[in-house]
Ligand code: PBG
């Protein structure tokens with residue numbers, strides 16, 4: 001035998017030389033949940049190790065992550081039911097929990113890069129990502145709300161805006177709104193191929209944001225479709241997105257690969273709450289080695305073509321690098 005592939009696997013050093021994909025804390029974005037109150041950290045029951053923090057403790061958490069080398073944070077708000085309405089008006093209330101918190105983080109920890117979420121669901125009394133009328137989700141009317149929300153977030157200091165709702169035309173609408181107000185440097189990471197997935201369950205627990213009726217299939221993509229992701233990505237690219245995201249990540253590695261091969265901007269993947277919960281639950285039962293499963297999951301997402309991974313494992317991963 002002239003060619004023996006095992007020669008390149010014979011020692012740790014040679015294996016490392018031959019290793020094609022590496023993962024670094026620089027690649028990660030840490031999603032965090034903020035809730036009203038002070039000195040409050042409530043663990044999300046379906047996401048062991050992940051908490052909803054009051055703003056003061058959220059700041060502490062970000063500070064400790066910065067020391068570990070995590071630089072970018074994607075923040076989501078959990079609101080009381082009384083703050084929600086049909087038009088998500090709380091989403092652009094500059095004195096509200098979310099925008100107050102973003103301003104405070106940028107003031108006290110300017111080295112943190114902050115990604116914000118643009119979607120109506122945490123603020124919607126219907127639990128949907130768009131305005132609901134007669135049981136239907138209205139597209140163009142929703143864009144107006146998204147524009148106001150994105151602008152308010154940019155004013156609060158957001159570095160990256162993350163439209164996560166899958167309405168048509170939102171990236172272009174938000175880009176134009178931001179540019180008209182002078183926020184030309186605020187980036188857009190578009191949730192381009194976001195699928196109607198069962199793996200968002202624990203996140204909706206964390207935010208109490210599950211739809212009050214129906215499902216999200218009229219705006220989020222059908223998990224059966226790959227080519228359709230090219231249409232979504234093409235539109236977002238043309239409308240000025242700086243990053244294209246695929247979500248969820250682990251069951252959608254082929255989508256990540258497809259977008260990476262077709263678009264010359266960085267591809268991100270959202271390693272969602274359900275993917276985190278699966279590994280945690282299996283590890284707690286002694287059914288999987290949680291640490292090795294996490295590393296393999298993250299590495300495979302990177303190998304598929306994601307340069308950036310949004311993951312609840314970010315802190316755990318960063319701690320392992322120390
Ligand atoms: C909603 C949104 C969701 C997530 C991020 N933004 C849930 C949904 O679409 O219902 C899910 C993230 C996760 O599961 O970790 N705009």
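Note that Cβ sites are derived from N, Cα and C of the backbone, with glycine treated the same way.
Following the DSSP three-state reduction, the secondary structure of residue 194 (active site, schiff-base intermediate with substrate) is strand. Around the Cβ of residue 194 (active site, schiff-base intermediate with substrate), a 10 Å sphere holds 27 further Cβ atoms from the protein chains shown. Positions annotated as active site, schiff-base intermediate with substrate by TrEMBL: 194 (among others).
Here TrEMBL flags 232 as Mg(2+) binding site. Residue 232 (Mg(2+) binding site): 23 other CB atoms within 10 A of its CB, across all protein chains.
Look at TrEMBL and you will find 247 (among others) tagged as active site, schiff-base intermediate with substrate. Secondary structure at residue 247 (active site, schiff-base intermediate with substrate), taken from DSSP and collapsed to helix, strand or coil, is strand. Residue 247 (active site, schiff-base intermediate with substrate) is surrounded by 25 other CB atoms, counting those within 10 A of its CB over all protein chains shown.
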DSSP-derived structure type at residue 232 (Mg(2+) binding site), helix or strand or else coil:
helix
Cα-Cα separation of residue 247 (active site, schiff-base intermediate with substrate) and residue 194 (active site, schiff-base intermediate with substrate), in Å?
5
Could you tell me the C-alpha distance between residue 194 (active site, schiff-base intermediate with substrate) and residue 232 (Mg(2+) binding site) in angstrom, no decimals?
9
